[in-house]
């Protein structure tokens with residue numbers, strides 16, 4: 001027998017042994033029922049995935065009715081172990097749960113064009129550290145630039161026309177949030193660069209759609225397939241364009257620093273780019289990919305909440321005048337200081353109520369298990385499992401709040417008077433009853449900035465414009481576990497005379 005034939009025989013034998021071991025090995029998750037498994041006559045999981053995409057909420061309720069600890073769902077990505085919410089406190093900060101691997105795997109972070117989902121290349125710990133140690137303590141310093149940019153964007157997007165005219169709420173919200181975020185993270189020139197704003201808005205949408213197309217192919221073929229899909233080529237082009245823009249920003253900043261040094265003057269830039277370098281402490285991170293990663297996790301989520309609040313206020317116009325009165329009082333007294341953001345309490349309550357009734361996800365604690373976990377009641381979660389947690393409130397709003405299925409803009413401002421729940425009342429507060437910003441150690445570190453950004457945007461919008469719904473009532477869109485504010489419904493707006501000047505209000 002030749003050496004080549006020997007290699008083929010040996011390789012085939014090893015492959016056969018591996019296949020037998022895999023086929024006959026007991027499934028460590030077999031004790032947990034699969035709620036949307038294949039039905040008789042279904043050879044593949046295609047229909048199971050469709051049922052998940054269209055009926056996820058009812059499947060979660062069915063799972064809860066069949067077990068009191070855990071069950072499995074076939075999702076569009078994988079078979080997922082869904083855990084009862086009673087384990088939330090036990091697992092929320094568990095050292096054997098990884099929160100970066102699931103999105104990286106779901107969105108193919110190892111493929112070119114999907115690098116913003118690659119946690120090694122983006123190093124999200126650098127961004128989280130920058131937000132926690134630099135940006136959040138400096139919230140008071142970003143108020144005026146955010147206000148000035150909001151004034152500029154709204155004049156462009158909504159115009160100064162005193163006549164009623166229609167706008168698409170989602171598109172307007174995306175433009176506003178993208179520009180405001182870029183204003184703080186990259187400066188006044190980049191935030192008005194149409195190419196960069198287009199990347200911030202469009203890359204995420206394109207990545208989500210392309211990921212769905214890739215899931216139709218066997219995973220072992222993706223390294224080849226992605227080179228030929230036009231949408232993958234578009235993603236690679238956007239990443240390359242983003243690198244070019246950020247490279248120019250870094251070069252200009254270096255020139256500014258050298259000039260300031262030669263002139264013995266300090267640079268007047270709000271230096272989030274320098275903050276990132278400081279927090280990296282010499283470690284690797286890619287500035288362009290990090291900024292794109294920020295767009296993925298922040299731009300669409302904040303714009304979605306802003307859109308939902310606008311819709312909710314149009315459906316509850318009785319809130320508009322009290323909100324305007326609060327804004328006038330607070331900004332007159334505090335300007336755009338940190339105290340102002342805190343004292344916009346009714347606006348805070350309205351934001352939190354909108355997030356409560358229409359979160360981005362109806363599950364929480366989406367994690368990858370890095371080592372076997374045995375829970376206090378003996379429930380075993382094997383290493384290598386992907387898990388998620390039931391969010392009781394998303395399935396039944398009345399489970400945690402009185403009249404929880406009804407919108408009440410005053411709900412959380414009234415809860416501030418209830419001692420045992422007062423710590424849960426702010427928009428940035430996280431609890432087991434309200435996981436819009438996550439829960440535990442991995443709660444969104446940027447929520448304080450997001451709250452500031454959204455409040456300033458709404459202050460301008462409410463004082464400068466009248467709002468009203470048309471004949472079409474907005475409907476949230478569902479896709480699997482996801483909920484998105486209506487991307488199609490338009491509202492009517494017209495310019496009104498604001499009671500006070502807002503753009504450059506100082507404390």
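Backbone N, Cα and C atoms are what each Cβ position is placed from, and that goes for glycine too.
Taken from Swiss-Prot, the feature heme binding site applies to 444. According to DSSP, residue 444 (heme binding site) is assigned to coil rather than to any helix or strand.
Secondary structure at residue 98 (N-linked glycosylation site), as computed by DSSP, is strand. Around the Cβ of residue 98 (N-linked glycosylation site), the same chain contributes 367, 368, 369, 370, each under 8 angstroms and 6 or more positions distant in sequence. Residues or ranges marked as N-linked glycosylation site by Swiss-Prot: 98 (among others).
Residue 202 (N-linked glycosylation site) carries a helical DSSP state (H, G or I). Summarising the annotation, Swiss-Prot assigns N-linked glycosylation site to 202 (among others) and lists sequence analysis as the type of evidence.
With a 10 A radius on its CB, residue 398 (N-linked glycosylation site) counts 11 other CB atoms from all the protein chains. Look at Swiss-Prot and you will find 398 (among others) tagged as N-linked glycosylation site, backed by sequence analysis.
Among the features that Swiss-Prot reports, transmembrane segment is placed at 4-24, with the record citing sequence analysis.
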